[in-house]
């Protein structure tokens, strides 16, 4: 629902968000009140120490003050639990209760100060238990007051003054974007949001140089992030509730799906490609250097690297290029099994749009192998988030050629290094009969795919293996062209291959529908959602997306507040039909090449209960990745060590098992 309006501005918290924090504080206050009451009852008439009379008065007033606070919290928790996300009417009195609770902080602050003065000046001769109770009371008061201050900072909305309460009688006039006044207000809010996000990015990246590249990246990222939910009036807890509902809805659909239903794909078997992919994935993992090596080998990694980190390989071998080697280079040796002499170029130079990579001779596969590192630094994250489109003209490709700006510039950076600096020429002068293979994971996968597109005309036999590439990478024409030489590998419910601006717009649309149609209070949705994510179980039988509900209701005033959508916005227009695609103003971007999809073959398991995993591989189409799947595994399935483990499981020496349906559909199963 819309953010709560108190103290003349809108906040990043709704009136139904006070149930759980209020209940927690209520629990603490009740225990506190019982402790003070017990002390007072047991010591009544015995406050005969120096300052005992003051202590007696202090405890009486404290008991009364805590009683008022407890009653206020009970009212806040009860009223905040009423209604639903879309029906805040029963919670109209929450702002008044918040005002009352805020007023009670004043006497609590005064009494905490008096308690501190008594402990320091007048507690001499009193029982240690009495002094300890008062000291604990003072400390608890200051902790609660500090927590309240931090909470206010967290829920503070810099745009709150521009998103104040809208009188229902004036609703249609203010919400109509055809009105010049409301349009000016909307765009003023957007401009302020962009400035706020730019300031946040500069603060987050304060250790990075503030050059033109970084300033341009901050600006484009701020425009992207600030505009995502600018046409809605949701608070973070609404989004969390919508994600919890959507996850359960997706699981219900998956459980009802016929297990024999498969996505149409290439008739060729993925077994041979799996073996090649598993081999290349080792190089993609190695490109991350020592951090991933130590993460994957927590007990032995440091010991294996410690003896070699200080050695300088250039003293014995002639390496071209390479920055900051040491532990990074030695971890690459351990992961790939190559020798020093097999490496042509190693670079760990890292700036925005400039990512590390290495070039080596892979004698086992007779290939000159280029491995590109994925996201491992804040600079890499800025490259990821520079998601607007950039032209990428490619000779021989008909149709629009454009790609993700940040990844395109990273690919051009490596292309210039490989070609202009003669790195590939040197490699093929040593092994002229070898073929070129490019690989990478995540950001490295996207960069490797675009690099392969750029190098294809010069090296027509090259192959690229992209592991967990970003979904919003290249135009349709480039994606079709790359199917000749790029294989993308996606594991399970990995978020990144499904991460594109149109997909995120679709996710926003579904979240809006979920929260608008659910008839349960938000705290119940969140509690059940947390239980479901951690322990699994049966999805709750909440109503699904907009069943028997008019979608126009999303743009109508809520009971006692504004609407969830701004009329005329892209989200408002995308809700005109449940079956209609999201009307995005952004150009569509696609996954590269042919897509090999690896899934767990078996029932969905909770994030805490992990049994032996059985995997299945199949060729898939990019249509299978047009929506974001909500799952506890959406991040874990993206991790490079997890992808490598799945590929090793599929290509191990154990016999392959092809089920009857997979004989005709090219499925690959292994236990």
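Note: Cβ is positioned from N, Cα and C throughout, glycine not excepted.
Matching 20-41, 174-195 against TrEMBL, the residues noted as transmembrane segment span 20-41. Residues of the domain 'Fungal lipase-type' (370-501) grouped by DSSP class, helix first, strand second and coil last, total 56 helix, 28 strand, 48 coil. Residues of the same chain lying 6 or more positions beyond the ends of the transmembrane segment (131-156) and with a Cβ under 8 Å from any Cβ of it are 11-13, 21, 25, 28, 32, 35-36, 39, 55, 58, 62, 105, 108-109, 111-112, 115-116, 118-119, 123. Listed as Cβ neighbours of the transmembrane segment (20-41) (distance under 8 Å, sequence separation of 6 or more from its ends, same chain) are residues 59-60, 62-63, 66-67, 69-70, 73-74, 76-77, 80, 129-130, 133, 137, 140, 144, 151, 523, 526-527.
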